[in-house]
Structure formats: C-alpha cells, structure tokens
Amino acid sequence: KGLENHTVGSGFILLGFSDHSSLQGLSFAVFLVIYLMVLTGNSLIALITVVDSSLHSPMYFFLRNLSFLEICYTSVTLPKMLVGFLMEDGKISFLGCAAQLYFLVLLGSVESLLLAAMAYDRYVAICDPLRYTLIMSRGLCIGLVVGPWMAVAPVQVGQTYQVFTLPFCASHDLHHFFCDVPPLLELACADTFWNQVMLYTIILLFAVLPFSLIVISYIKIIRAILKIPSVLGRRKAFSTCSSHLGVVTLFYGSVTVFYLKQRSRHSVDTDKYLALFYTIVTPMFNPVIYSLRNKEMRIALRR
C-alpha cells in the first residue's frame with residue numbers, strides 16, 4: 001500500500017545544493033557555462049573525427065563514441081539541475097527519477113567499458129604495431145562499442161527495477177542533485193541487503209574489471225615503451241596514451257571514492273562534490289585533455 005501511494009505521489013525532492021540558497025543564481029550561471037562547454041567541446045571532437053580523413057582510425061572512432069557518451073551523460077543530470085536552480089524547486093517525479101537513474105548508470109557503465117576498449121587499442125598500437133590494422137579491424141571496433149550497450153542495458157533494467165520496487169519512507173528528500181542508487185537506498189523502509197549485493201556486483205563487473213584490464217594494458221605498454229631505444233621514440237609512444245590516462249584517472253578516481261567509501265550524514269556534501277567530478281567535471285575536461293595533449297587533434301582543429 002505504501003509503495004503504491006508513493007508511486008502515484010509527488011516523487012522525490014532533490015535537495016542538491018539547496019543549503020547554499022544565496023548562491024542559486026551564481027550556481028545556475030556556472031553550471032550553464034559548464035553544460036555549454038561540455039556540449040560544444042564534445043560535439044566539436046565528434047564532428048572533427050568524422051570530417052577529417054586523417055582521424056579515421058580506431059583511436060578516434062573510440063574517442064568519437066566517448067564524446068557522444070559524455071554529451072548524453074551530462075544531459076541526464078545537468079538540465080534538471082539548471083531548472084532546479086532557476087525555479088528553486090528540486091521536485092522530480094517517481095518515473096522521472098527512475099528514468100534518470102537508469103540512464104545514468106547505463107551510460108556510466110558503458111563509458112567504463114569503452115575506456116577499457118580504448119586502453120586495449122593503445123596496447124595493440126604500441127605492443128603489436130605490425131599487426132595493428134589486422135587486429136583492430138572495423139568489425140572488432142564496432143563490437144567493442146556496441147557490445148557494452150548490449151551487456152549493460154538489461155542488467156541496469158534489473159537494478160533500476162529492484163531499487164524502485166522498494167517501499168520508501170515518509171521522507172522523500174534525496175540528499176543529492178540527481179537520482180542515484182546509494183542515496184535512494186537510504187530512503188528505503190526495507191532491508192536493502194540484496195540491493196547492496198546487486199550494486200557491488202555491478203561495480204565489480206562494470207568498473208573494477210574494466211579498470212583492472214586498463215591497469216594490465218598499461219603495465220604492458222610501459223614495459224614496451226621502456227624498451228624503445230630513443231628518448232624521442234619513447235616520448236612519442238607515451239604521448240599517444242597520456243590523454244587517455246588523464247581521462248581514466250579523473251573518471252575512475254572520483255567514481256571509486258564515491259561508491260566504495262563509507263557513506264554517512266557528515267559526508268553528504270563530500271559525496272555530492274565527488275559525484276560532480278565524474279558526472280560533470282570529467283566530461284568538461286575530456287575535450288580539453290584530448291585537444292591539448294594530442295598533436296593530430298591540434299592539427300585537425302587548426303584545419
């Protein structure tokens with residue numbers, strides 16, 4: 001009965017940064033600029049990698065898909081945040097919250113797997129350059145992009161359903177700026193043990209495992225680079241990986257701390273700032289990292 005009432009009720013209230021009410025106008029302006037930067041920067045990278053024939057390689061095919069993911073990822077959370085700042089109203093419907101959670105965890109998991117695919121691409125390019133074009137065929141590249149969507153989508157449907165069939169307590173105040181699993185579980189009036197099991201299983205499959213593959217790839221890459229006799233050759237080889245390493249560090253660093261650290265009332269603000277990092281800051285810096293650290297991208301941008 002309680003679940004039924006909640007489903008047709010007013011949904012949740014995203015408290016976000018409402019405790020800093022005097023900064024609502026400034027926050028709106030800052031996040032609007034960030035959103036426009038994310039849209040412009042990532043769209044520009046996607047466009048350049050399509051129209052410039054010199055960038056028609058697996059590395060830039062993956063980068064184009066990463067840029068598309070970043071646009072979608074921020075569009076799940078930022079527009080709702082901006083409306084909240086403007087209207088000073090953090091209300092979100094039950095179905096709206098479920099949709100936001102689903103797309104957020106779906107896109108985040110797909111991005112994690114895509115970063116692992118990009119690490120594999122760099123591994124093949126540096127450790128097996130003579131067979132690079134043979135191994136990184138068009139079919140494999142498409143498979144490495146489409147595969148994560150097919151693997152993640154049904155799993156995240158299950159997790160979203162599991163969370164939103166819980167009975168929620170009288171308080172619908174969500175201490176976050178978007179609907180996410182940990183803050184939602186805090187509002188549940190039932191045992192969330194199996195939800196926690198599901199959450200950490202998904203983290204293991206779609207975050208820890210891909211990150212482990214990235215680490216293994218880079219251990220092999222570093223060993224191969226150190227064997228290159230010339231300093232210039234080593235520098236050139238490492239420069240093709242440095243952009244990817246920067247993005248991986250930003251994304252996985254904030255995600256790991258947010259999901260694996262012990263949550264408490266005192267850490268609510270810290271949790272929100274960490275979430276800002278992997279949902280907004282990383283997508284904003286991706287185009288900057290790739291355009292500044294990558295010589296081919298700089299040349300293509302000038303053209």
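Just so it is clear, glycine is given a Cβ too, placed from its N, Cα and C backbone atoms.
Annotation source TrEMBL lists domain 'G-protein coupled receptors family 1 profile' at 41-290. The transmembrane segment annotation in TrEMBL covers 26-50, 62-87, 99-120, 132-151, 197-219, 240-261, 273-292.
When Cβ-Cβ distances below 8 Å are used as the criterion, the transmembrane segment (26-50) is approached by residues 17, 20, 56, 60-61, 63-64, 67-68, 70-71, 74, 78-79, 81-82, 85-86, 280, 283-284, 286-288, 290-291, 297, 300-301 of the same chain, each at least six residues removed from its ends. Taken as a whole, the domain 'G-protein coupled receptors family 1 profile' (41-290) shows an average pLDDT of 88 in this prediction. Here the transmembrane segment (240-261) has long-range neighbours at 59, 66, 108, 111-112, 115, 118-119, 122, 125-126, 182, 199, 203, 207, 211, 214, 218, 221, 267, 271, 274-275, 277-278, 281-282, 285-286, 289-290, 293-294, meaning same-chain residues at least 6 beyond its ends whose C-beta is under 8 angstroms from one of its own. Remote same-chain partners of the transmembrane segment (197-219), defined as residues 6 or more beyond its termini with a Cβ less than 8 Å from a stretch Cβ, comprise 105, 109, 112-113, 115-116, 119-120, 122-123, 152, 155-156, 158-159, 162, 181-182, 185, 241, 245, 248, 252, 255-256, 259-260. Outside the transmembrane segment (62-87) by six or more residues, the chain places 14, 16, 24-25, 27-28, 31-32, 34-35, 38-39, 42-43, 45-46, 49-50, 100, 103-104, 107-108, 110-111, 114-115, 117-118, 121, 141, 144-145, 177-178, 247, 279-280, 282-283, 286-287, 290 with a CB less than 8 A from a CB of the stretch. When Cβ-Cβ distances below 8 Å are used as the criterion, the transmembrane segment (99-120) is approached by residues 59, 62-63, 65-66, 69-70, 72-73, 76-77, 80, 92, 144-145, 147-149, 151-153, 155-157, 159-160, 163-164, 178-181, 184, 202, 206-207, 210-211, 213-214, 217-218, 244, 247-248, 251-252, 255, 278-279 of the same chain, each at least six residues removed from its ends. Here the transmembrane segment (273-292) has long-range neighbours at 31, 34, 37-38, 41-42, 44-45, 63, 66-67, 70-71, 73-74, 77-78, 104, 108, 176-178, 180, 243, 246-247, 250-251, 253-255, 257-258, 298, 301, meaning same-chain residues at least 6 beyond its ends whose C-beta is under 8 angstroms from one of its own.
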